[in-house]
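Here's what TrEMBL has on this protein:
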- Cys377: active site, nucleophile (ACT_SITE)
- Cys259, Ala260, Ala261, Pro262, Gly263, Gly264, Lys265, Asp280, Asp306, Asp324: S-adenosyl-L-methionine binding site (BINDING)
- 159-449: domain 'SAM-dependent MTase RsmB/NOP-type' (DOMAIN)
Amino acid sequence: MSSTRFAPAAEVPGLAARRIAADILDGVLHKHRTLDDQLEGATAHPGLKALSDRDRALMRRLVATILRRLGTLGHVLSRLLDRGLPTDAPRAQSALLIGAAQILWMDVPDHAAVDLSVRLVQSDRRASKYAGLVNAVLRRCAREGQPLIDELQGQSLDVPPWLLARWTATYGADTARAIAKAIGEEPSLDLSVKSDAEAWATRLHGEILPTGTVRTLLQGSVKMLPGFDDGEWWVQDAAAALPARLFGDLTGKSVVDLCAAPGGKTAQLCNAGAWVTAIDRSQSRVARLRENLARLGLPAETAVADAAEWTGKGGDGFDAVLLDAPCSSTGTIRRHPDVAWLKQETDIAALAAQQQRLLQKAVTLLKPGGTLVYCTCSLEPEEGEDAIAALLAGNSGMRRAPVDASEVAGLSELVTADGALRTLPCHLPHPDARLGGLDGFYAARLVKAL
Ligand SMILES: C[S@@+](CC[C@H](N)C(=O)[O-])C[C@H]1O[C@@H](n2cnc3c(N)ncnc32)[C@H](O)[C@@H]1O
């Protein structure tokens, strides 16, 4: 991002949050950078530190809302702009998206949204000539934006066409539309608790889902919530909490978690009483995993390694292996709306090849009779159903141990005919849409022959 975009000494309240939102949006849309990369750790936007918690939360919500509604915003803005979006000044484009998203979906007065977007373009050398245009278009958006959205009559513009076509082919048109609708909702905060879910649900003003996750609508920094400092819970989507449960009783068992960071599932395995070895290829992510486990007071051996090359600890092998393989992450678009615009269809074949390589390795690390749980947070069959079918077809010495609905609180819609887990963002509907849905996951349980 250019230093010319940093703030002058005194500026109107809220402008810094919008400027950082614009930088981060440019990062996703024009520089192929993920939201996580720009929001966390060493690569985070340098301006974030100076924002108050409130402004930081507003900025994150703003960026997420824009990415979640990008197709709809494109439709509305194209109808309000006679000559299309300005192409010679990215800041004019982001200022229009930021202004329109606030007017259409956020609790910001229209006049403030317009004023802040005009200021955003005025402070950018290339975009300043568009200040009048931004002002006029956003004022029209306040009057005409909602009717333009109503015109769409529920059409799904907010999922890239290639992805919607895949979901339609895999799940049918109605389910694909339901998935698209579900990922348009702002997700709840889901927590896995070490114990006493009922007490934590009460303290955090949430509810307990049938599968045991505590779900709340509290917003802002999780570090400020009760129980965080004491390591009583960790953030984990309700679907992400299911695969590790498929091992059943893990007391005293040896488990290797092959793609472990940042450690949500490792924490579950440790909390279930297993001896856990957690491997991940990324040094910075293993550092985060170690921090997370330290906060939770849960012990595990950790190593930075390519799991496909890792030679293990010798001996007879592990009682259990968890392979939460790297994938296209299309099941997590609700929580990571940048994924929809960063991933491409051509990524899927390369990821499937990598998953097969990791699966082959996972089998060799198991002792005879040991259990493998393979999972991905992808909605694409190549990374789920097809990956397991290929492994089983290849004489791997593995057999499927079908999942029963009773293992997932009787929610039979989450279990496929051949006994795998398949969650979709439109599952777990709730009368209050903000409390419904979960990530899309695939998980299969296999046992190695004796
Ligand atoms: C889906 S994430 C894992 C999430 C984690 N299991 C959890 O529950 O918090 C996939 C992880 O795989 C790691 N990874 C990718 N390729 C790998 C490889 N060849 N060996 C080990 N880790 C790998 C990535 O660094 C990333 O942290």
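Backbone N, Cα and C atoms are what each Cβ position is placed from, and that goes for glycine too.
Mapped onto this structure are the features recorded in TrEMBL.
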| residue | record | Cβ contacts under 8 Å, 6 or more apart |
| --- | --- | --- |
| Cys259 | S-adenosyl-L-methionine binding site | Ile279, Asp280, Arg281, Ala307, Leu323, Asp324, Ala325, Pro326, Leu358 |
| Ala261 | S-adenosyl-L-methionine binding site | Ala278, Asp280, Ser282, Arg285, Val286, Arg288, Leu289 |
| Gly263 | S-adenosyl-L-methionine binding site | Trp234, Ala278, Arg288, Leu289, Asn292, Leu293 |
| Lys265 | S-adenosyl-L-methionine binding site | Ala240, Pro243, Ala244, Asp257, Leu322, Asp324 |
| Asp306 | S-adenosyl-L-methionine binding site | Arg281 |
| Cys377 | active site, nucleophile | Ala239, Ala240, Cys327, Ser329, Gly331, Thr332, Asp439, Gly440, Phe441 |
Check Cys377 (active site, nucleophile) against DSSP and tell me helix, strand or coil, would you? coil
Quick one: what's DSSP say for Lys265 (S-adenosyl-L-methionine binding site), helix, strand or coil? helix
Distance in Å spanning the most remote Cα pair of Cys259, Ala260, Ala261, Pro262, Gly263, Gly264, Lys265, Asp280, Asp306, Asp324, given for S-adenosyl-L-methionine: 19
Under a three-state DSSP reduction, the secondary structure at Cys259 (S-adenosyl-L-methionine binding site) is coil
